[in-house]
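Summarising the annotation, TrEMBL assigns region 'Disordered' to 1-40. Per TrEMBL, the feature compositional bias 'Polar residues' maps to 1-13. Here TrEMBL flags 49-69, 89-109, 116-136, 148-170, 177-196, 208-228, 262-291, 311-332, 344-364, 370-399, 411-429, 449-471 as transmembrane segment. The feature domain 'Major facilitator superfamily (MFS) profile' is assigned by TrEMBL to 51-477.
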Amino acid sequence: MSLADPTSDTTPFFSDDNEAEGSGEPGAGPSQRREVEEPASGVSSMRSVFTVIVLCFINLLNYMDRFTVAGVLPDIEQYFGINDGKSGLLQTVFICSYMFLAPVFGYLGDRYNRKVIMSVGIGFWSAVTLASSYMAREYFWLLLLTRGLVGVGEASYSTIAPTIIADLYVKERRTQMLSVFYFAIPVGSGLGYIVGSKVDDIAGDWHWALRVTPALGLVAVVLLLFVVKEPKRGAIEARPEHTLQRTSWLGDMKALCRNPSFVLSTFGFTAVAFVTGSLALWAPAFLFRAAVFTGERPPCVKGPCDTSDSLYFGIITVVSGILGVASGAEVSRRLRLRTPRADPLVCALGLLLSAPFLYLAIVFAQASPIATYVFIFLGETFLSMNWAIVADILLYVVVPTRRATAEAFQIVLSHLLGDAGSPYLIGVVSDSLKQTDSYLWQFRSLQLSLLTCSFVAVGGGAFFLATALFIEKDRQRATNYTPSGQCPQSLPWGIGIFFF
């Protein structure tokens with residue numbers, strides 16, 4: 001069977017995605033009749049489930065790798081002798097690489113074989129992550145470089161994987177599968193802290209913590225190549241792709257920027273990225289400094305440092321993430337019976353409820369560790385309600401031929417204004433607030449800078465409330481989209497002018 005054969009598991013990489021469709025003509029042969037009986041996506045229901053499981057596993061690895069560094073951050077700071085600002089750069093360089101490459105992979109993902117693109121990206125990511133675990137203490141700049149290159153693999157995957165799920169499922173079933181897919185974000189993030197801290201403790205060397213995910217990444221590539229099947233873009237929906245006209249990248253961007261629900265929900269998700277990015281890197285270090293300040297733990301003078309706070313924070317992240325994603329999807333499902341604006345309203349509710357609990361967690365750090373962990377748990381639970389819902393909003397307000405581009409655009413904007421700069425910003429502000437190099441000010445300066453997260457969460461909630469004003473019309477417009485030259489609705493309040 002050749003790569004160009006329409007019944008092949010994969011679409012040839014250099015194709016225009018004109019996946020062959022079954023012929024219903026009387027003279028069709030047996031193989032063509034079998035193809036007609038296939039689901040519209042070209043993927044059986046059983047294989048679709050396995051595809052989601054594999055994509056979820058890879059997403060888990062992505063986030064596990066991303067936050068392994070945060071789990072051993074005190075050791076890295078002690079090993080390289082760096083301050084808070086340079087520590088924040090570890091996350092910032094990765095996010096910058098990730099967000100700037102996302103549009104490239106978004107463009108490719110809308111036009112070429114997505115399975116091939118993801119396989120190459122994940123293989124590269126695994127190799128670079130392994131290389132980053134062999135850095136000597138005089139080569140911190142090289143560690144920064146390799147962490148930046150890890151963004152290549154993540155960009156190739158995160159922009160494309162949700163669009164595959166969108167081409168396998170519709171409506172409520174799609175929401176359920178996206179919820180499963182986005183469970184991997186908090187679970188993978190928590191496992192990054194847990195695995196990083198435990199491997200560091202067992203091996204007595206933080207370098208070994210970075211060698212776990214590369215091995216699992218190779219397993220992921222094998223599963224992706226042999227289990228996942230490339231579905232036909234948009235074929236499962238009411239208006240399959242062959243009725244749509246693929247426009248230029250500039251045309252896609254103009255249409256997206258004039259889509260109020262997409263733009264406003266992207267700004268809301270930017271607030272989520274800012275808060276999660278800040279907490280992901282700095283929360284374990286902040287909890288460790290609070291324990292040193294109160295005398296509960298000795299300071300880290302020589303590695304390996306005490307990583308128990310990373311372990312506890314990782315467990316909280318896993319549990320709160322599972323509860324948050326599940327409760328967000330369920331509340332949204334029930335609320336949809338009453339209002340079609342349920343999705344953005346639930347996202348707004350999650351952010352607005354998370355803000356006071358995160359504020360209390362930061363304020364109570366030096367007074368009661370137990371209260372701090374309880375407030376972090378509640379804050380992260382409400383914050384996690386957004387993940388699957390935001391992805392679902394994007395998929396149903398954007399037409400199939402623009403979804404990977406939309407994913408890429410959302411990644412760029414949310415990371416550019418969100419977690420690309422927030423870890424570095426928190427670190428720089430913390431350094432600037434230190435009056436002395438005492439344990440008191442190491443803790444107090446980081447505490448004051450982290451309070452920013454609560455106010456950003458409130459702003460994100462406001463953007464999602466604004467999204468609720470337009471969600472009905474934009475969803476209907478995407479569902480009934482025709483290439484007849486209808487002009488998309490312009491953004492109010494001069495938002496459209498801001499983008500052009």
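In case you wondered, yes, glycine gets a Cβ from its N, Cα and C as well.
Keep in mind that what you see is a predicted model, and the values were worked out from it rather than measured.
Only sequence-distant pairs (6 or more apart) were considered; of these, at least three Cβ pairs between the transmembrane segment (344-364) and the transmembrane segment (262-291) are under 8 A, so the stretches are in contact.
The listed stretches are 49-69, 148-170, 262-291, 370-399, 411-429; of these, 49-69 has the most Cβ pairs under 8 Å to the transmembrane segment (208-228). 370-399 is the stretch from 116-136, 148-170, 370-399 with the greatest number of Cβ pairs below 8 Å to the transmembrane segment (177-196). Ranking 49-69, 89-109, 262-291, 311-332, 370-399 by CB pairs under 8 A with the transmembrane segment (411-429) puts 262-291 at the top. The listed stretches are 89-109, 116-136, 262-291, 370-399; of these, 370-399 has the most Cβ pairs under 8 Å to the transmembrane segment (311-332). Contact check: the transmembrane segment (148-170) against the transmembrane segment (370-399) gives at least three Cβ pairs closer than 8 Å, residues 6 or more apart, which meets the contact criterion. Panel annotation: around the transmembrane segment (262-291), residues 66-67, 69-71, 73-74, 77, 87-88, 90-91, 95, 189, 193, 256, 297, 300, 305-307, 309-310, 312-313, 344, 347-348, 351, 354, 358, 362, 365-366, 369, 372, 376, 380, 383, 386, 390, 393-394, 397-398, 406, 409-410, 413-415, 417-420, 422-423, 426-427, 439, 442-443, 446-447, 450, 452-453, 456-457, 459-461, 463-464, 466-467, 470, 474, 491, 495, 499 of the same chain, lying at least six beyond its termini, place a Cβ under 8 Å from a Cβ of the stretch. Using a Cβ-Cβ cut-off under 8 Å and counting only residues 6 or more beyond its ends in the same chain, the transmembrane segment (449-471) has close neighbours at 260-261, 264-265, 267-272, 274-275, 278-279, 282, 286, 340-341, 343-345, 347-352, 354-356, 358-359, 362-363, 383, 393, 397, 425-427, 429-430, 433, 489.
Beyond the transmembrane segment (370-399), the same-chain residues lying 6 or more positions past its ends with a Cβ under 8 Å from any Cβ of the stretch are 162-163, 166, 174-175, 178-179, 181-182, 185-186, 234, 244, 256, 259, 261-262, 265, 268-269, 272, 275-276, 279, 283, 287, 290, 312-313, 316-317, 319-321, 323-325, 327-329, 331-332, 343-344, 346-347, 349-351, 353-355, 357-358, 360-361, 364, 406-407, 410, 457, 467, 471, 474-475, 477-479, 481.
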